[in-house]
Amino acid sequence: MELLRSNLSRVRIPEPTNRIYKQECCVSFDSPKSEGGLFIDMNTFLAFGKDYVGWNYEKTGNPVYLHIKHTKKPTPEDRPSKKPTLLAIGVDGGFENSEPEYDETYNLVMLPDYVSLPFPSVELPEKVRLAVDAVLMAEGAERKETLAAWTADKKQVSAYALNLQQIDNGVIVPPSGWKCAKCDKKDNLWLNLTDGTILCGRRNWDGTGGNNHAIEYYKKTGYPLSVKLGTITADLEAADVFSYPEDDSVLDPLLAQHLAFFGIDFSSLQKTEMTTAERELDQNTNFDWNRIQESGEAVEPIFGPGYTGLVNLGNSCYMAATMQVVFSTYSFCSRYYLTESLKIAFEMAPADPTVDLNMQLTKLAHGLLSGKYSFPALEKDDEVNAAISRNDKQEGIPPRMFKAVIAANHPEFSSMRQQDALEFFLHFLDQVERANGGRPELDASRSFKFGIEDRILCSSGKVAYNRRLDYILSVNIPLHEAINKDELDAFQKLKAVKVSEGKDVSIDEIVRPRVPLEACLANFSAAEEIQDFYSTALKAKTTALKTAGLTSFPDYLVLHMRKFVMEEGWVPKKLDVYIDVPDIIDISHLRSKGLQPGEELLPESVSGGEVEANEANIVASEDIVSQLVSMGFNQLHCQKAAINTSNAGVEEAMNWLLSYMDDPDIDAPISQGRQGVEIDQSKVDTLISFGFQEAVARKALKQSGGDVERATDWIFSNPDASLSSDMDVTSSSNAPASNDTGLPDGGGRYRLFGIVSHMGTSTQCGHYVAHIFKDGRWAIFNDNKVGASINPPKDMGYLYFFERLKS
């Protein structure tokens, strides 16, 4: 006790604003349930596992810790299992938290000798009792950061509900016997609340559902609200009301009045249809996407180093699938596991290691690759509970702290909504590159980076070469290159017959286009026509041809399949297509040749004022904008990207978007864009004093709206800035110098080793799963479930990961 009293100055009573960690070690995935329990530093409120608390004592000198240990209670045999009715966990109607209950024990422990005192105890100093009580009563930092994961977004009141104009056309809706006014569908029917028309819902990606008559009616009439028949009961808030202009399920406070207008007595109706949210829930609980998840297969569980699952934190499967593949590469395995110990990472971390990316990446690497946490889920004492926690799956590790760091200040990834795995992958590599800035030997992201060169042939016969760096090769899917056209034609005829009869096409009858990967790669390098290209040779807009090639071949090549396209009316659509992907590919033919003998470069750019005048007249290409919007980008941002790259192509526009999407003026109207930015000479001089060329400094300030800090960041993000001018001209009379110096390069033969597959109608919903080839076999990583893959869906990938073969 005297030892504790002598260290009272190192004990703090937490303030309400303090973050208190009491569920997970900040350098490992140890928890109170671990064998050694968890030690909470009573000065910093950081938590450490038994093997790591000594490191914290050595680093900080803080001697007083609250030790928390959870011991599992026996589970009652008669505990019922309820089917969830809400997309939520830990609330009435939501998923049950099926974890067993635990007894909790607390002790005060003083290092370095691990002297232990029981808590609670009246003999403890009052300051210690108050501090421990405050820690135990406080909401844990981990809980605060993930609480939003357990409840889905609440529906909002529609902006069209309160002033909805209903048409009195004498329509009275019967209590049953409904049918679509356009076809013979008798389920998935929606009542338009403006005029009482009953129409079928949208067609699902697999051919099931309706025939799109309800949404087509909205496009024709503009009538905004519909309610799904079969979901109307006395509980009107549970009814499925959809707003077409808001493109979401909404609340209609006047639904009773709107229904009565068509003679509907909601109090007597029974529920016969699932709501949109319930259908989504049903997909999440039943996992109907059998092919990708291999649901019908007897998957053998795998445990051990490199086979650790990741707990879904709430729509975090996009992150889990991506990180499993990333840490299957030697570059990231070596950087954060083989050559980086947890202790070294902790010693190099700031005072709070939970906010240090290097520390959390090292923690995640050791968690995934060491095998320490890869073992069957908790064994039960009796066979009755075996159905709740089978030992064919593992508990996995929760990547909470990593997610908090990598998503910090990012409006989308910091949310609990589903995200695009591609966008996350690019964001992740960008953060890794920034964290290792100036130390390329430590930057594992470089193993994915490569150079792309665009050759633009002007109608004058002269050429321009533009180079950029990228982490992914994004390719279109040319459906006209499908190798099963006869089967597709037969299927379309069958489908037409079924639709005319008001029947659905069964899943077994669906035929999807099958396109070879070679055709997708050929499409990438094929000549593309550029409209409204400003030629410095002709000093006018003209049409040019653009071809693309790679200036370097990375250690790991990532192919992004553009499965999401924009249909007429700006409606995003997912291509339901198979891609024939071989295990070995050769992309040697994609190597860029650079400036060829006899080619003449376009003249240098005209004076700045003339360039700005021409830029101001450029209109964004609708084709480029629509393709970018289909990937989930904001339409205004896409228009700016097209304009600022002179409509050079989707790749250039996307590269611009990824560079400027965080700019504060990105949402400013186009008429207030950066063309009219006046460059302050003092700011130019400031950048020159940093060692940058004047021309580069001026361009960077123009690109960043005159902000020196953003201009500096732009220069570092565009290492070729001093070598090139705007996208429509080249600034050198010689062959353009390479901007990929120092990047990995080698032969063009690659082996497929990873697949990230997506199920759902858009990248912002559905589910992601990873398949990885390791130890001579394919394995499936489905959140915390890891097993031997029997039939990996090589033809259904969204992202394909290839490793360069050694020659």
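Each residue's number is its place along the chain shown, starting with 1.
Glycine residues also receive a Cβ, built from the backbone N, Cα and C atoms like all the rest.
From a predicted model like this one, the values you see are computed outputs, not experimental measurements.
Of the candidate ranges 93-113, 660-680, 702-722, 723-743, TrEMBL annotates residues 723-743 with the feature region 'Disordered'. Of the chain residues outside the Zn(2+) site list Cys180, Cys183, Cys200, His213, Ala181, Lys182, Asp184, Lys185, Leu189, Leu199, Gly210, Asn211, Ala214 have their Cβ within 8 Å of the site's Cβ mean position. Each residue contributes its Cα atom, and for Cys183 (Zn(2+) binding site) and His767 (active site, proton acceptor) those atoms are 32 Å apart. Of all Cβ atoms in the shown protein chains, 25 besides its own fall within 10 Å of the Cβ of Cys317 (active site, nucleophile).
Between the CA atoms of Cys200 (Zn(2+) binding site) and Cys317 (active site, nucleophile) there is a gap of 32 Å, rounded to the nearest whole number. Residue counts of the domain 'UBA' (619-660) by helix, strand and coil are 30 helix, 0 strand, 12 coil (DSSP-based). The two recorded residues, Cys317 (active site, nucleophile) and Cys180 (Zn(2+) binding site), show a Cα separation of 37 Å. Here the CA atom of His767 (active site, proton acceptor) lies 27 Å from the CA atom of His213 (Zn(2+) binding site). Neighbour counts of Cβ atoms within 10 Å were compared for the binding-site residues Cys180, Cys183, and the top value is held by Cys180.
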